[in-house]
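Reviewing the structure listed below.
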Amino acid sequence: MTRNFYYALGRPFSPLYSTAMRLREYLYQKGIFKSTPFAVPVISVGNLTLGGTGKTPMVQYLARLLQENGYRPAIISRGYGGATKERINIVSDGKEIFLNADYVGDEPRMLAETLPGVPVLTGIVRKLPAAEAVKMGADMLLLDDGFQHMAIRRDLDIVLFNTDKLAGNSRVFPGGDLREPINALKRCHIFVLTGTDEQNQERAENFKAVLKKKFPDKPVFFSRNRPAGLILQKTGGEKIPVQPQELADQQCFAFCGIARPEGFSQTLKKLNIEPTALRALPDHFAYTAKTVRRLIAEARQAGATCFLCTEKDLVKLRNIDLKLPLYGVVMEARPDKELNHLILQHKSF
């Protein structure tokens, strides 16, 4: 069954969901639902569409930008895919990592591993870990996937669109790709079109024109999500940087548990890596012993000499022996430099 088939089935219910989301927004605007303010600036990074838009690389980029400019940012996440139901989870205090991906989710663990000095906290009620982060000394909060989370008042709302997907079929879930109606974008302050490159630049420019026509007061930036290199992960979690050419003579069995596996496939092409096979798994996939055995069997059948996955998958495989070398692709966001200036010069900072 294709995604379009399920969207067709869900289309009659889209108006109901859309109305519910509009009502929710209205209740927050009128103060009936409370939005908690914080004494430190809050930046939200989110999206209007379902699926991956490159939020995690953007959050990484912003955290490093803020660090380099003297701020003490902390990242607040919902912790999707994690088993914990605790109200406050300190994944990292910036010095030490305390919780694994199975417990708090793959993205928070990955952010903790890649951002030394930046506390990462999760919780279902995000204002609670946000308050804890401020107590820990954070002077800036980054909300990961925060656009729909209106329970925290924010100073800057950044909404991302993947350039290849854009707004999808422009219908609201369950009949389409949108989490909310298009008009919800009036809440945001900045648009960023991610994954732009030479092949889709014209598409990005056309969508930018559409956004500027509908929301003329909101700046639109482009961001390239590019591979920054590869890492070899040993069983136990030790990571060793390697160059892509080191895989030139390898037969790689690729797999990923992300929202847009086609994006991973495109990244491998940019690295000139042609895998023997690519196994796409659901987003935030939990790697069970059964799944690992299946991957090993499929890799052997394909004649693979190594495994290759995303950095987000690596954090869930720290203590798993896949019988073959395991490599991960490191991605980084490269937004327009004008975005840096706009953020650092924001009136609230």
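Using the three backbone atoms N, Cα and C, a Cβ is placed for every residue, glycine included.
All annotation found in TrEMBL is predicted automatically rather than curated by experts.
Over in TrEMBL, the protein carries these features:
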- Thr49, Leu50, Gly51, Gly52, Thr53, Gly54, Lys55, Thr56: ATP binding site (BINDING)
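This view paints the features noted in TrEMBL onto the structure.
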residue	record	Cβ within 10 Å
Thr49	ATP binding site	22
Leu50	ATP binding site	17
Gly51	ATP binding site	15
Gly52	ATP binding site	23
Thr53	ATP binding site	30
Gly54	ATP binding site	26
Lys55	ATP binding site	22
Thr56	ATP binding site	27
Under a three-state DSSP reduction, the secondary structure at Thr49 (ATP binding site) is strand
I need the neighbours of the ATP site defined by Thr49, Leu50, Gly51, Gly52, Thr53, Gly54, Lys55, Thr56. Which other residues of that chain put their C-beta within 8 angstroms of the C-beta centroid, in sequence order?
Asn47, Leu160, Asn162, Thr194, Ala259, Arg260
